[in-house]
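The next block holds one structure in the form of structure tokens; read it before the comments.
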Amino acid sequence: MVNMEASMFLTFAGLVLLFVVCYASESEEKEFPKEMLSSIFAVDNDFKQEERDCAGYMRECKEKLCCSGYVCSSGWKWCVLPAPWRR
């Protein structure tokens with residue numbers, strides 16, 4: 001009887017240890033994609049978009065005029081490509 005109790009205790013302790021190890025490795029794996037994405041999409045000062053006098057594609061055109069090749073959508077007030085049905 002004692003041997004069965006000891007084996008049950010060891011089995012339970014092993015399962016708890018396995019759970020703790022799996023949880024720790026999973027939490028590290030969750031942080032890895034966040035770190036990878038933040039390093040890929042980190043904005044460097046050299047690559048920041050310069051302020052323009054005109055608004056580009058899908059930019060708000062209430063205060064700024066659209067850049068050449070785009071027209072201001074009357075409904076959404078965004079700069080969009082000119083199309084025959086928008087003329």
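From the backbone N, Cα and C atoms, a Cβ is placed for every residue, glycine too.
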So Cys61 is in a disulfide according to Swiss-Prot. Which of these is its partner: Cys22, Cys72?
Cys72
Quick one: Swiss-Prot says Cys67 makes a disulfide with which of Cys54, Cys79?
Cys54
Near Cys72 (disulfide bond), which of the disulfide-bonded residues Cys54, Cys66, Cys79 can be found within 10 Å, Cα to Cα?
Cys66, Cys79
Give the distance between the Cα atoms of Cys67 (disulfide bond) and Cys79 (disulfide bond), rounded to the nearest whole Å.
8
